[in-house]
């Protein structure tokens, strides 16, 4: 295993250049194998979990879901606030920011982005809860692709470009996750569900996040600095793939639901009209049947 890891490190160095020494020795970052193994285990559970649960009763998980979602809401809020203050203190350039230009502020960003990387491992639990509760319809291609890819992408980001221009997407994503996990946490409480109105806007926010990240990343291509261009091109490509998947998810989830509701409403309206017409027509029948013929006067 050590020989394989050494060979892998040599390959990565030839492909991507030397690693950033500031994260040397950090948990899970020295060696890619643990991240890769976690991802493989995740995909195996996605595949085998629903099969295992097929003939079993779903678990409620309500109590642990409240705690889990509250924890991720607070972690996301912490990361968002720390990234915003770190960028402000380091006077980061929106258009392009190198990885070694802001001193201690760069280190603050790196520490927060490690938590961001680690949170992607924690978020595997999203899928596991879907499986345990038998909500398999929520395990979409978008869901699995996003969860499995983010952990691996951020392992590479943390080892080669752990600050600088890498901050933007993580900052937006942390803010979106504050909204998303607070929604999921509150929806675990049945009495709160009638008051939760912002689910649709979370998906819109995720789409907007991807578009804004492409715009900000493209600025680094148009007005380059010391941040490696290859990472920027990769970021743009990845965001385009997410936009395609999120757009498809949005259309499938909301436009079709809206069309279905309109169709049901029209059907109900037509049925109601027929009932009214039939009622009106039939209402004369008893009256007509009850009319007695007048007797002719016999004067």
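The backbone N, Cα and C atoms fix where each Cβ goes, and this holds for glycine too.
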Would you please say which range out of 26-46, 89-109 has the annotation transmembrane segment in Swiss-Prot?
26-46
Between 172-192, 256-276, I'd like to know which one Swiss-Prot lists as transmembrane segment.
172-192
Would you mind listing the long-range same-chain contacts of the transmembrane segment (64-84), meaning Cβ under 8 Å and 6+ residues beyond its ends?
108-109, 112-113, 115-116, 119, 122-123, 125, 129, 167, 170-171, 174-175, 177-178, 181-182, 184-185, 188-189
Are there residues at least 6 beyond the ends of the transmembrane segment (26-46) whose Cβ is under 8 Å from a Cβ of it, and what are they?
1, 4-5, 8, 12, 114, 117-118, 121, 124, 127-128, 131, 139, 144, 147-148, 151-152, 155, 158-159
Cβ contacts under 8 Å made by the transmembrane segment (112-132) with residues that lie 6+ beyond its boundaries:
23, 26-29, 38, 42, 45-46, 49-50, 53, 58-59, 61, 65, 68, 72, 75-76, 78-79, 82-83, 86, 138-139, 143-144, 147, 150-151, 154-155, 157-158, 162-163, 166-167, 170, 173-174
